[in-house]
């Protein structure tokens, strides 16, 4: 019998357990918790260092702070709930909580994509139009870009949970991941999901897809400008300022594309693949982003090392 999404009878979902390791999930949760703690400490350290270091009060590092805040919010919206399941057996998640978590994951991912695009534009202006960089990318412009990124993420992905509100759910309600994603929840509905499918795909293409295309275009223009330089050493020096951002873009888009491919074409894959890809998508950017910028940025590296009383040699 279908479950109605009414206040009298609201469906709940079961988070996916690790196949074959159900009895050992409490141990599996330890590296997951460690990665989450590392992400919190590393991103928190970046926020503190950028705030305390006057030399880092520039648009690029403001965007880096936005990135760290988004990663913290995204990880916090998912990992504590996963740990409560692995450690305390709290497998069931209510319909409203699931929709909220789903909305946060998709909207925050959209905001992160926009910030990565803004960082690519910052690199383009700094390399191709260095004399106009300070005039174009001011603190006010940076703040407006951040607000527009949040507004776009909310507006584009708020309809996703609203489209699922009226759908009936029946049969087994076991998710493919240890958290809620739109595709995952939508596949459990026992009704026509065409509007959700069409809107979800359109939103992803217009947001993440368009951002990825514009980031590639920015780097094509940067590469064209770099190749005009006469000396190879000068080319490498200029392009090296983009290495950290390129790594961060790959850390975000590769898991995103992998997760999308698994959802749309990997129905015959083992359930473990879905769980691993989901956890990679949530945690890899949050862990790697501050490490990448900490290694590549001398001021951040020195300040963090000073915080732990280690001399930077």
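Glycine residues also receive a Cβ, built from the backbone N, Cα and C atoms like all the rest.
Marked as transmembrane segment by TrEMBL: 27-49, 61-87, 93-121, 133-158, 197-222, 243-266, 272-295. Here TrEMBL flags 42-293 as domain 'G-protein coupled receptors family 1 profile'.
Here the transmembrane segment (272-295) has Cβ contacts under 8 Å with residues 16, 18-20, 32, 35-36, 38-39, 42-43, 45-46, 64, 67-68, 71-72, 74-75, 78-79, 82, 105, 112, 176-179, 181, 244, 247-248, 251-252, 255-256, 258-259, 262-263, 266, 301, 304 of the same chain, all six or more residues outside its ends.
Where the transmembrane segment (27-49) meets the stretches 61-87, 93-121, 133-158, 197-222, 243-266, the count of C-beta pairs under 8 angstroms peaks at 61-87.
Taking Cβ pairs closer than 8 Å, the transmembrane segment (133-158) reaches residues 57, 59, 62-63, 66, 103, 106-111, 114-115, 118, 122, 125-126, 203, 206-207 in its own chain, all 6 or more past its ends. In the predicted model, the domain 'G-protein coupled receptors family 1 profile' (42-293) has a mean pLDDT of 90.
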